[in-house]
Amino acid sequence: MTAKSAAAAARATVYGYPRQGPNRELKKAIEGYWKGRVSAPELRSLAADLRAANWRRLADAGIDEVPAGDFSYYDHVLDTTVMVGAIPERHRAAVAADALDGYFAMARGTQEVAPLEMTKWFDTNYHYLVPELGPDTVFTADSTKQVTELAEAVALGLTARPVLVGPVTYLLLAKPAPGAPADFEPLTLLDRLLPVYAEVLTDLRAAGAEWVQLDEPAFVQDRTPAELNALERAYRELGALTDRPKLLVASYFDRLGDALPVLAKAPIEGLALDFTDAAATNLDALAAVGGLPGKRLVAGVVNGRNIWINDLQKSLSTLGTLLGLADRVDVSASCSLLHVPLDTGAERDIEPQILRWLAFARQKTAEIVTLAKGLAQGTDAITGELAASRADMASRAGSPITRNPAVRARAEAVTDDDARRSQPYAERTAAQRAHLGLPPLPTTTIGSFPQTGEIRAARADLRDGRIDIAGYEERIRAEIQEVISFQEKTGLDVLVHGEPERNDMVQYFAEQLTGYLATQHGWVQSYGTRYVRPPILAGDISRPEPMTVRWTTYAQSLTEKPVKGMLTGPVTMLAWSFVRDDQPLGDTARQVALALRDEVNDLEAAGTSVIQVDEPALRETLPLRAADHTAYLAWATEAFRLTTSGVRPDTQIHTHMCYAEFGDIVQAIDDLDADVISLEAARSHMQVAHELATHGYPREAGPGVYDIHSPRVPSAEEAAALLRTGLKAIPAERLWVNPDCGLKTRGWPETRASLENLVATARTLRGELSAS
């Protein structure tokens with residue numbers, strides 16, 4: 001096919017779409033099901049209606065081929081686990097008794113059975129449930145979900161492409177099952193897994209699928225020759241199947257690297273590549289391997305992870321270059337649109353001009369359709385859209401929101417000494433222990449306490465004008481009193497105020513910092529039914545006034561025990577926001593760090609002796625390619641130290657991280673120079689404690705002993721077992737006792753029981769230590 005004919009054949013498609021519905025209907029229905037207020041048939045009916053509405057919306061917008069199977073009640077990787085029959089032994093009875101309840105038990109756990117581990121989906125803010133595989137794992141195909149959802153789309157008269165997690169990525173995302181040898185590699189199960197995928201592909205072909213998309217994003221990370229060989233073998237074998245659909249292998253989030261020539265030569269019919277941000281180098285790499293002669297290329301030129309409008313002219317230029325490299329070039333987003341909110345049209349509080357800088361899922365869909373039209377019919381067919389794109393981009397570049405001279409001057413004046421504590425840790429820790437007087441194995445929580453219905457109602461009442469600010473603050477003070485009282489009665493050593501005034505750990509600060517924008521309906525899925533509204537970091541950042549001081553000092557007035565000041569760190573403020581793309585991330589991080597530094601200093605001046613600066617996103621924002629790590633970690637750790645280095649030696653700086661693998665950033669954790677770090681560890685059985693010990697981490701640490709992502713209450717015996725494991729890696733004088741993460745999403749009953757068990761565990765082990 002010539003470049004001209006390839007252009008004429010251009011189609012518009014997407015890899016996936018937000019699942020929740022315009023008003024988060026799916027979240028509400030699932031939580032209603034868990035509480036017994038919604039029946040299983042009602043939940044399934046609502047889910048089918050949401051899928052149909054999404055498909056119709058995409059088709060009406062001009063999408064030629066809609067995705068099927070991207071919908072999920074909880075997580076698409078968990079759906080894949082069900083599809084291949086890799087149900088953990090402890091969950092098989094529940095799944096056999098009731099497939100839906102068993103599915104949710106794998107995701108959330110029960111009082112009797114622990115859930116699957118949860119971790120970040122590559123470097124995004126989405127979480128997946130980690131498959132557990134062992135030498136004895138037997139795979140069996142169950143394509144019910146995939147075939148059913150394809151049939152629903154076909155019944156609407158649509159061209160649909162089923163979307164699956166690819167077999168090699170699935171195995172690379174997995175971990176050894178409990179009881180498996182520690183050195184077991186799930187990838188060794190590829191020969192068992194491929195026949196199951198072959199059966200699913202056959203089922204989908206029989207159900208009418210012309211194309212099936214197999215996602216292999218694991219190969220945008222550095223991979224070994226053995227892993228690349230597994231990729232080659234997988235698609236050589238799947239490609240050799242006779243009765244199968246056409247195969248479109250998709251990658252996203254970064255450049256494909258050494259996997260690109262493997263897939264370019266594979267006996268598949270199509271390849272989907274990301275051409276945004278760091279992945280823009282895929283264009284030159286594709287040319288270097290000779291392109292994709294005789295194959296379909298789906299070009300991800302619209303950024304599926306950020307919310308800024310597309311530079312249509314630049315994207316058309318990229319598409320024009322790609323025309324000579326494949327038999328057919330289609331247009332898409334860089335990844336699933338799962339990672340962005342649904343529609344800017346729902347926003348009423350953002351200035352109309354600024355709103356024109358933004359593109360959520362519906363607007364990105366329109367951009368994709370526009371680009372496909374421009375590619376197929378020429379730029380004359382989209383002159384109006386191109387003119388609007390140029391005007392909106394110029395408006396953003398010239399806005400005073402994006403450039404504040406005072407902020408820029410302060411950031412440029414930062415010196416190395418500004419990001420360095422006045423004394424080394426060995427000297428600081430003695431001053432802190434003398435000042436705080438804490439027992440061995442001190443107990444604390446990570447920050448937030450349950451956000452009850454009463455708290456949410458108070459926030460809604462204030463927003464809707466049913467109460468004034470004085471009435472709202474009275475309710476917040478009452479909640480803080482209750483939280484402090486509970487912690488004192490329970491016997492916790494370092495307290496928190498519970499954060500009842502905070503809607504979200506990033507949004508709360510973003511709403512008080514100049515340069516951020518807030519949305520009303522910009523919800524994106526974090527995990528399961530947990531949705532967040534990432535703020536939009538649109539311009540230069542400054543702090544007009546203190547943000548947390550009065551609530552922290554109020555809480556401290558209620559107790560003699562230390563109350564932690566609680567802040568969200570600069571890297572997490574970026575990672576959990578939609579961040580401006582018109583300057584380097586390190587420059588933006590420095591601006592945020594300086595604003596937070598002022599808050600840290602104000603907290604100390606108000607008498608706060610323990611200040612926690614959370615950086616749960618430090619690891620998840622790590623670039624996917626090792627070649628990019630050093631530059632990222634340099635600015636990320638500097639931003640943290642810039643935030644925290646203005647305090648006295650006897651002020652104890654804490655930080656917190658969660659949701660991630662920490663082994664490859666232990667040096668960076670050390671470079672933060674925090675006095676105490678708390679980490680998620682309960683589901684991974686204290687693995688992080690051993691990683692810290694192997695590195696020789698010299699400071700205090702609190703690997704979590706209570707998994708807060710499950711409603712299950714861990715017994716004191718379970719917590720004690722985890723703590724004893726932690727003590728094998730971290731000396732008692734440097735070990736803290738705490739949950740994995742904040743308690744915002746938990747209910748009070750399990751919170752009370754779990755924290756009482758946590759304190760009892762610490763006291764038991766203190767006794768054992770003193771006896772020894």
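From the backbone N, Cα and C atoms, a Cβ is placed for every residue, glycine too.
Of the residues GLU412, GLU482, GLU488, GLU499, Swiss-Prot places GLU499 in the same L-methionine site as ILE446, GLY447, SER448, ASP614. When Swiss-Prot records ARG24, GLU25, LEU26, LYS27, LYS120, GLU620 as binding 5-methyltetrahydropteroyltri-L-glutamate, the matching candidate from TRP55, TRP576, TRP635 it lists for that site is TRP576. Zn(2+) is bound by HIS656, CYS658, CYS741 in Swiss-Prot, and the record lists one more residue there from GLU680, GLU717, GLU718, GLU768, which is GLU680.
Looking at TRP576 (5-methyltetrahydropteroyltri-L-glutamate binding site) and HIS709 (active site, proton donor), their Cα atoms lie 19 Å from each other. When Cβ neighbours within 10 Å are tallied across all protein chains shown, the highest count among the binding-site residues LEU26, CYS658 belongs to CYS658. Taking GLU25, SER448, GLU620 as the binding-site residues under consideration, the smallest Cα distance to CYS741 (Zn(2+) binding site) is found for SER448.
A separation of roughly 26 Å, to the nearest angstrom, links the Cα atoms of LYS27 (5-methyltetrahydropteroyltri-L-glutamate binding site) and ILE446 (L-methionine binding site). For GLU499 (L-methionine binding site) paired with GLU680 (Zn(2+) binding site), the C-alpha to C-alpha distance reads 20 Å. Note on ARG24 (5-methyltetrahydropteroyltri-L-glutamate binding site): other Cβ atoms within 10 Å of its Cβ, all shown chains, come to 18. Taking the C-alpha positions, the distance from HIS656 (Zn(2+) binding site) to GLY447 (L-methionine binding site) comes to 10 Å. Between the C-alpha atoms of LYS120 (5-methyltetrahydropteroyltri-L-glutamate binding site) and ILE446 (L-methionine binding site), the distance comes to 19 Å.
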